[in-house]
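Noted in TrEMBL for the protein shown:
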| type | residues | note |
| --- | --- | --- |
| REGION | 1-21 | region 'Disordered' |
| TRANSMEM | 261-284 | transmembrane segment |
| TRANSMEM | 296-315 | transmembrane segment |
| TRANSMEM | 321-339 | transmembrane segment |
| TRANSMEM | 360-379 | transmembrane segment |
| TRANSMEM | 385-404 | transmembrane segment |
| TRANSMEM | 416-435 | transmembrane segment |
| TRANSMEM | 447-466 | transmembrane segment |
| TRANSMEM | 473-493 | transmembrane segment |
| TRANSMEM | 499-522 | transmembrane segment |
| REGION | 569-593 | region 'Disordered' |
Amino acid sequence: MATSESIHMEAARGQSPEPIRVPAREALAGFVDGGEAIPAAAYYPAAARGDRGRVPEAETHYSVSLSVPASPSGLHLAACASVRSDGGARVAPWPSAEAAPPPELLKQARHQSQPTLTIRSEEPPLQRLRTVSRSDSTRDRRFDHFKTFSGRLERQLSNLRGVVPEIEPAESKISEEGTDDDEVPTADRYFAALEGPELETLRPTEVSALPEDETWPFLLRFPISAFGMCLGVSSQAMLWKALQSEPATAFLRVSPHVNHALWWVSVALMAVVSSIYLLKIVFYFEAVRREFHHPIRVNFFFAPWIACLFLVKGLPHPVWTIHHVVWYVLMAPILALDLKVYGQWMSGGDRRLSKVASPTNHLAVVGNFVGALLGARMGLREAPIFFFAVGLAHYVVLFVTLYQRLPTNVQLPKELHPVFFLFVAAPSVASMAWARLCGEFNHGAKIAYFISLFLYMSLVVRINFFRGFRFSLAWWAYTFPMTSAAIATTLYASAVTNVLTRALAVGLAGIASVTVAGVLVATMYHAFVRRDLFPNDVSIAITQRPKAKFSKILAHLRSSKELVFAVSRHGGGSDTSSESPSPMACGRGRAEP
C-alpha cells in the first residue's frame, strides 16, 4: 500500500477539487498521534461549543480522508475518518497523475513502526491501554525469580524500547504480597513447607513457586549434593595409593598406574561438577542462596573442599612436596563454614542442632578431620591440631544428638537410608588423622577406628535396611564412608600385622571399590540413558508465604470492587455521550453508503 495522507477540498456547488498539502501530524489530529489521543475540540471548535453533529458554515465545504498503512510487524490496520457536509459530494481519488502527491509529502508521511500501538482514543483511560506487545509476552517468566537478575534487566530493556509493561492480575499481586526478592525463606519456613527428615518433599498444603507438571531448566535441577560423586571417586584414589604404599598390603603389588588413572578421573569429574555448579551460581544465584539457607543442604557446601583435600592427599607424587599455601587456601572456606554452621548449632534459634540434626551433618565435621590428616602429612603441626580439636568437640555433640533424636522423630525414608553410612566416615578419618599427628597408630587412633568398625558392621548386617528403593544421588553416601573405613583398616593392619587384619583390609577395600564402581555405572545410566538423575528440586521452590493474610485479601477485594464501580460509572457516562456522536463519528456514519 502506498503511503499517503491528503486533504481533498471540493466545493459543494460544482467547483473542481484542489489538493492541499497538510503535515502528517496535523492530519492525525482527533484520531491517533504517536500513540496519544488528541482532543477533537482542538481542531473542531464547533464540538467545543457544544454544537454536536453540526460543523460551522465555513467548514461545510471540505472532506477529510486519512489512511494509515500496514504495519511492518504484521499488524494490518487501516483507519479512515471523514467529515463532510450534508450535501457534500463523495470523496474522489486523485483526479490525475499531475495531481498526485509530491515526493516531499510521501517522505513526510512515511510510516514509523512503534513498539506499541494505542487505539480507541474516545474510550476511558483503562480501555485506551490496550496494547499489542512484541515477543516479550511469549517468554516464559516463571523462572525469573530464581535468576541472578530476577528478570529486572529484561524489564529495563523493555522500558527503554518503549514497551508498556503488562498489567499483572490481582491474584498474582495477592500471592506476592509481603514477599521480598532480597530475602530467602527462613529455617522455620522450610520446616513448615517441607516434610521428611531431609526436607526434600513439599507438603500437600503448599503451592510450589515453580511449575510441577514440567521439567525445569537443568541448572535449577542440579543440586549441591552432586559433589558427593566427587567425594566417592576421589577417596578411591586415596585408597589405591594406600594399598600401594602400606607394608600390610605390599603383597598385592598394586600398580601405581591404578592410582594415576583414578586420580585423573577424579580431577575430570571434579572439574565437570564444579563448572556446572559455577554456572548455576552465575545464572540462578537465588537457587544457590536457598540451598545455602536450607537446614540440610548447607552441610553439602563442605563437600567441594573436602573433595579437593582428597585430591591433594591422593596425588601420585609425594604430598610433602606441595607448598603449604595450598593447604591454607583449602582450609580457609572450611573454617568460614565452621564459624557459620557451628555458631547456628550453638546459638539456638530455628537452626539449633537439636532441631536440624541429621546424618548429613557429619559432612560439616569430616572436613576438619580430613584437613588435620592432610596437614599432618604435609609436615604442619599446630594448625592441624586446631582443626582436629574443633572437629572432635562437635562430633561428640552431634553423635549424642543424633542418637537422641532419631528414635523420637520421623524416620528416614528408604531412599535416604544410605546416609546412615555417614556415621562411619567421621571416626574413620579421625583415627587416621590422630595417627598422623602422633606419628603412630596408638591407642587414641585405635579407639576411633574401633568405633567406626563397629558402626560399619552394625549397618552391614541390616541388609533389608538398604534395599527396596530406587536409585538416586543419595547412594553416593555409601562410597565415601566405606572407602574411609578401608583406608583406616589398611593403616591399622600396618600397625597390627596378622592374617586377620590383612584379610580385613583387603576385604573392605574390595567392597568399597565394587560399591564405587557400581554406583558410578548406575549414575551414568540414569544420567545419560534414562535421564532421571536430576528431578525437579522442589526443596528450593517454596514460597516465602503460602498465602496472604486475610486482611490483605479483603483489602484487595475492596479495592477491586471500587475499581469496577469507577469503570462502570465512567463507561456509563461515555455511553450517554455517545448518543450525540462526535463530528468524526458523524462524518464516518454519513460516508457509509
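Cβ from N, Cα, C; glycine included.
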### Cβ contacts under 8 Å made by the transmembrane segment (360-379) with residues that lie 6+ beyond its boundaries
198, 296, 299-300, 302-303, 305-306, 309-310, 312-313, 319-320, 322, 324, 327, 330-331, 334, 337-338, 341-342, 353, 385, 387-388, 390-391, 394-395, 398, 402, 419, 422-423, 425-426, 429-430, 432-433, 436-437
### Query
How about the transmembrane segment (416-435) and the transmembrane segment (321-339): at least 3 CB pairs under 8 Å, pairs 6 or more apart in sequence, or not?
no
### For the transmembrane segment (447-466), distant same-chain residues with Cβ under 8 A (at least six beyond the ends)
417-418, 420-421, 423-428, 430-431, 434, 441, 481-482, 484-485, 488-489, 492
### Summary
Under 8 Å Cβ-Cβ from the transmembrane segment (499-522), and at least six residues away from its ends along the same chain, one finds 229, 232-233, 236, 239, 243, 248-249, 251-252, 471, 475-476, 478-479, 482-483, 485-486, 489-490, 492-493
### Within-chain partners of the transmembrane segment (473-493) [C-beta distance under 8 Å, separation at least 6 from its ends]
223, 225-226, 228-229, 231-233, 235-236, 238-239, 242-243, 246, 248-249, 359, 415-416, 418-425, 428-429, 431-432, 435, 441, 446, 449, 452-453, 456, 501-502, 504-505, 508-509, 511-512, 515-516, 519, 522-523, 533
### Query
Under an 8 Å Cβ to Cβ limit, what residues of the same chain, 6 or more beyond the ends of the transmembrane segment (385-404), are close to it?
331, 334-335, 338, 342, 345, 353-354, 357-359, 361-362, 364-369, 371-372, 375, 423, 426-427, 430, 433-434, 437
